[in-house]
Amino acid sequence: MSQTSTAASAAPATIKTNTGALATLVIVFFFWGFIAASNSIFIPFCKSHFNLSQFESQLIGSAFYGAYFIGSLILYLLSSVMGYDILNKIGYKKGIIYGLLISVVGALAIIPSANANSFGLILVSFFIVALGFSLQQTAAQPFAIALGDPATGSHRLNLAGGVNSLGTTLGPIIVSVFLFGSASSANANVTVTNVNNLYLIVAGVFAAVAAFFALSKKLPDGKSDAKFEGSKKASGSLLLMTGLIILIIIIGQLTEVGKLPLLLATLFIVVGILFYSNSSALKNNDGWGAMKYPQLIYGMLGIFLYVGVEVTIDNNFGALLKTPGYITQSGLDESEISGFISLYWGSLMIGRWTGAIGVFNLSGMGKKIATIVVPYIAFAVVLFVNNLYGNDINELLPYAVCIAIAIAAFFFGQEKPVKTLLTLSLLATVAMLIGVFSTGKISVYAFISGGLCCSIMWPCIFSLGVAGLGKYTSQGSAFLIMMILGGAIIPPFQGSIGDITHADGTNNMHNSYLVAAACFGLLAFLALKLRSVLKAQGLDFDSQIGGGH
């Protein structure tokens, strides 16, 4: 997934966009989405192949999204020690190249890990892939702006975000083809060779793009001499959070303490340290930097919940679809779930394409028409891809009703961050509850519609979280990106609830989606808190937002 926020500064529109470099950069954005969404197919495969519990299967997501937190934290701490922003010093171009090479190592490491039949080594490999992604994403967002007129930088980011969403839509289907022979072949025999071929190709693509970046003379270095704002006390809080999380992991490995209590403790640690940091900063703000602003703390919690719920809906969805009696009497086969997974990620694409309409400067009526038409064009792309790979699109057609409801919500939100975040959070909460208290296609569509609601939450939360931070805006952005950590904690938390066995021997997977409902409910609460703190500071909380992330 590509995730950040930028503000284009005003500049004369005389700088031409480096189209060739942008096209190559867009490929990188595509593969972020491709790999992240493909986890939802790889997770149920690993669960069956390694005979894992639902909690254990979610460790793939934990390794993947945990790497974003660790990577961002390491980069920030090293920059603090050095006294300058390392990425600005080496340049965004080299940052992307190094990130791609790290991901190549991770993708290649999956091959011997699969051959050794070691789930632990696969987790390490995914961590390395995502560690590279962390560096790539940190560098690629400002690099996209540097490839042309800064005033049109948001346009390039929206284009890249749209392609990223296309990658999330295609990823589950293409991975199904590699693993199962086709997107819908039942009872396919997955061999280690299938896995090896997939990640050998992925490594090859990453290496090719890295080579292009390294050899191209037309690409700018993307260096900057912007001042780095360090904050020792904020760094201490982040290190304390990291240390306590590692301690909980060790306790989980060496003792018989249940996974659910440990995950609850982890959630309390994240929330507790953030609020402690802000309350301490309000008493004496020296050394706290951006953490003295309450909107940043609420924004960090918002990103934590948003990424967590976006990932947990999807990563646990495969297990739910396979549950007997949920959608069919015997449950779906692993190779039969890709269409629904693709529709979930396609829902994110539908929303982000719609959110990007604003960059085209359409007339009032043209914008309204596009807001209605574009979502269904994106939906048609999802249907076309699924049909191309042999999935039954008749099962997906009724989802058009959910899209119509989302369009109404987009209109109601008026591109205002608080109103949009509050509206979509409440709508998603209702959808999750409908999904929990129903079965069959209604439940399936309700859970998938969470993707529509998540689609434009990132720019809402990000813009509100960094509002009014001044010279600490860059630091605040780094802290917000670290909170992608939510994708490492909330999915296994839901998975551990799903592992609870009822008296009749059935699992608790269906009811575990109350976790998603709770996350969306808390996001609605945070929208109100963000409005309150920004209003108290005399800041505009209704400035229009861009689409995608």
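Glycine is no exception: its Cβ is also placed from the backbone N, Cα and C atoms.
Per TrEMBL, the feature transmembrane segment maps to 21-43, 96-113, 119-136, 157-178, 198-215, 236-254, 260-276, 296-313, 396-413, 420-438, 476-493, 513-530 (among others).
Of the recorded ranges 157-178, 236-254, 296-313, 396-413, 513-530, the transmembrane segment (476-493) has the largest number of C-beta contacts under 8 angstroms with 296-313. Away from its own ends, the transmembrane segment (260-276) comes close to residues 237, 240-241, 244-245, 248, 251-252, 297, 300-301, 304, 485, 489, 492-493, 496-497 of its chain (Cβ-Cβ under 8 Å, at least six residues beyond either end). Highest Cβ pair count under 8 Å relative to the transmembrane segment (198-215), across stretches 96-113, 119-136, 296-313, 513-530: 96-113. Scored by C-beta pairs under 8 angstroms, the transmembrane segment (296-313) has its highest count with 513-530, from the stretches 119-136, 157-178, 236-254, 513-530. In terms of C-beta pairs under 8 Å, the stretch of 119-136, 236-254, 420-438 lying closest in packing to the transmembrane segment (513-530) is 420-438. With a threshold of 8 Å between CB atoms, the same-chain residues lying at least 6 positions outside the transmembrane segment (420-438) that come near it are 302, 309, 405-406, 409-410, 412-414, 444, 446-447, 449-450, 453-454, 456-457, 460-461, 464, 510-511, 513-514, 516-517, 520-521, 523-524, 526-528, 530, 545.
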